[in-house]
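Worksheet for the structure shown next.
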């Protein structure tokens, strides 16, 4: 009802606010016997963690995760896994000026209208700080997918503003603060970030996420199609305003003869569908792209209103990302992994004994 959970068998429920005492989540449906330590989760959390480069918010949270339950002697027990991350670097005084003012482009106005009350400190529950717990839960899913099925989920920054980053080298993604796979674009990205910082403005971005070695058969017709659930999960990430599966909106200008993924005895000849046909995984790489809006927390004055409906001009102070798309890469990976793990467990539960003589590649 409250919209704080995702998944049916592998189910993740998060709680906490940006400037609250802590963030937490409960992860249900994790199979028993999976080796799991806090270090397994910390790797991805460190990739998402704020304050790690000059291109992201300078709020410095260690994001040290603690496992509270569901793991005994280094392996999962099959019971609920409780996770918690304490907030340590809140500066709530930065937000006192907006207590009675609605920041344009943020959730302040809609939360106030929906609940009649809001935590104005850092956006409260609407803050992207909440996604730390998604990344922690996603790390569990990523480990299970990799160990049990050889599925690898990876993401990268595909575009910031007018700077397009081609997928040239996966290894480059972890070698720079932008998660950029194209080393030739790093200088342009750096120049863009410096210009935005000087102007006090922000910029949008495109993030791509790819899952390889996904088994064929994942997805439930008709409302729980794999692509529908992926779109739901990825659209739930803060600032995401669009999701594409495979070639996405570019199919508008294509003919059917060029867009269809033809099949030969050697396998599929293309992957315009992004690894999903009829809402069910085809065994090809599952590919999704996300469009993220530029953050509205900027130093450029903007018009808004206060609680009394009076016109106000404001500047959003605090520590903010000039491009939220940079830190969205591990978040997108986590959400794709969560959906894939849930569908793998659902497929195993219903169709685990199904045998098909049709070739698989």
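Glycine is no exception: its Cβ is also placed from the backbone N, Cα and C atoms.
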Matching range for Swiss-Prot feature annotation, region 'Disordered', among 37-59, 60-82: 37-59
Cα separation, residue 48 (NADP(+) binding site) to residue 125 (FMN binding site) (Å, whole number): 18
Number of other Cβ atoms within 10 Å of the Cβ of residue 239 (FMN binding site) across all protein chains: 20
In the chain carrying residue 54 (NADP(+) binding site), residues 6 or more apart in sequence that have Cβ under 8 angstroms from it: 193
Residues that sit under 8 angstroms from residue 295 (FMN binding site) by C-beta distance, when 6+ apart in the chain: 105, 202, 239, 320, 321, 322, 323, 324
